[in-house]
Amino acid sequence: MKLNPASDHVYFNDGFKCSSISINTNLNESSNADVNGADSGNGSQGSNEFILTDDGKKIIPPTKPMSCAKSWLQEKTRKTFKKKNLHKRIPILRWLPKYNSEDAVGDLVAGITVGLTVIPQALAYSGIAGLPAAYGLYGSFLGCFVYIFLGSCKDVPVGPSAIVALLTFQVAHGSWQKSVLLCLMCGIVEMLMGLFGLGFLIDFVSGPVSSGFTSAVSLIILTSQVKNILGISAKGTTFVEIWTEIIHNIKDIRASDTILGITCIVVLLIMRLLPSCKIGPKEPHLRSKTQNVINKIIWIVGTSRNAILVILCCIMGVLLHSYHEGTPFKVIGYIPQGLPSFALPPTHLSVNETLTGKEETFVDMMRSMGSGLIVIPLISLMENIAICKAFANGKPVDASQELIAIGAANIANSFVQGFPGTGALSRGAVNNASGVRTPLSNIYSGALVIISLIFFTPYFYYIPNATLAAIIIAAVVFMVEVKVVKPMWRAKKSDLLPGLVTFVACLVLPLEMGILIGVGLNVIFILYSAARPKLSTEILTTPGGTEYLMITPDRCIIFPSVDYVRNLVNKQSLRNNVPVVIDASHIYGADFTAATVIESLLRDFASRRQLIFFYNLKPSICALFESLSPTEFVVYYQEQQLDELLKERDYSQDKLQTVGV
């Protein structure tokens, strides 16, 4: 109700009269408000979106673009700096105030243990990326420090990863300039995806596709290291290309490298069993103090097997080195001592720095990366989320925040000449088993890498390539997910198809094409499922003894499926010349196309004078269907109403108006 709008410019709501809330609507007090718009505290204030003139017309007041922008910016700033949002986007603010001495001890032990793991892995994974060993170390320290502030998972140790290293090689083709620029661009893409909340994209990579991709990558990585075990050269990026080169150059095999490599693989596989070996009773509280100490030493030796093997083989390389003949096996060679220079990633390649012998601009370099700029961030997120979920103990994982964290880490790494990295599941398992408490453990891992760069790189010269190859092979051989095939076959055989297609495509084609084919096939499966809902049909009898056909769709009706549903309903209704009831209990959504097809379906039934009713249709969908249905559209919600509807129509379609019950 409106009272004197022209004089007072105030609306009164009739709801005030019957409301239990006491609201003072004194016009005189309201009119005494401050001239600047301050409320006197009495009366009800209306919206300032329009002004009433003396004749009662609405006029929208003019708004300045700058004032709107200022208001929007103030609102965004207020929301951004809320305590809840700050804790979500900068997780260190959540756990640092609660940090104690027990956390410090746990993080110190875990950080040092992971550091002993990451150094040999960094040296080895740089070889997978086709880069000198130093670049693996360059990408293993600064990103760790960044993740401490932005990471939401305590178990993630940021650094090189076997899968991402292989993708880097297939995109950058062993060019350190492109690899470093790729690190920056992937970091930017990951950061933007996180800020825009696109972490849900990882949900489009299903379990079978992920298993097929991981298994194919494992075989490619294993294949790429066979040449180092044999001491031969073999170029190529795909599984078939590498094996073709290996077979072609098999005559150049070096016995010393082969023997060393096979021996290292056997030793690593044996040492892998040590962490699970325990002496004394099974229950820890029943063991003596000496037994617990021995078990801890055994666990440390088994966990640090990569570092121990690298140190022993490095000492062997030093002892067997001859100034005239060198070492009897191939070594990784010279690594520059000291930390890398802090500089912007290369954005231009000269003629001497390209494989084609042509100068490349920034645009050319970006064009050559292609789909890798999307695939590598997605795979990085997939690896990171796998770690988070493995040790989350049922807690929710914020995929978007992890994208922001690894994106910032990669951006930082690109300024110290690192290639793209992410969390690795093997290091995450070591981190968790070592008793990690917070992401601060990354500071100790990064510090160990810095110490090795400053003091130990001259000794890395003598590390055999076969030893690093053995470390990689012993790690990735367990990534081939053969175990998932049997339960997948038992559960749903059709899920094997996208996994198998992804596996084969990744072996034959570049990895980014393989994963895109797998995801594309999965999307086709989803669309087909949406376009072909299952309809169950059953002849039932009403309480009054009348037979009718109940048709129950198992999902929502949207544009890809409506024609299919219409044809099936018509087919079943013609076969059974009885009234038809559509059980809409599972129809939770519909669209305009569905409404038009329902209109056509009602016309089909009206033309042959056959009754059709809708049971338990959601009110919102009912309104949508009703708006386009010129013929009788009947909805009921209680089973006993069906007899009344049938009696009312006496088995004829005489009434043409829309009826809702």
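Note: Cβ is positioned from N, Cα and C throughout, glycine not excepted.
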Looking at 102-119, 156-173, 588-605, which one is transmembrane segment according to TrEMBL?
156-173
Taken over the domain 'SLC26A/SulP transporter' (106-497), the model's mean pLDDT:
88
Interface present between the transmembrane segment (180-202) and the transmembrane segment (497-528) (three or more C-beta pairs under 8 A):
no
Same-chain residues near the transmembrane segment (468-485), Cβ under 8 Å, at least 6 residues beyond its ends:
120-121, 123-125, 127-128, 133, 162, 207-208, 211, 214-215, 217-219, 221-222, 225-226, 228-229, 261-262, 264-265, 268-269, 272, 306, 309-310, 332, 426, 496, 499
Can you say which of 156-173, 180-202, 297-320, 372-392 has the most Cβ pairs under 8 Å with the transmembrane segment (443-462)?
297-320
Against the transmembrane segment (180-202), which of these stretches has the most C-beta pairs under 8 Å: 156-173, 258-276, 297-320, 372-392?
372-392
Paired segments the transmembrane segment (372-392) and the transmembrane segment (258-276) in contact, 3+ CB pairs under 8 A:
no
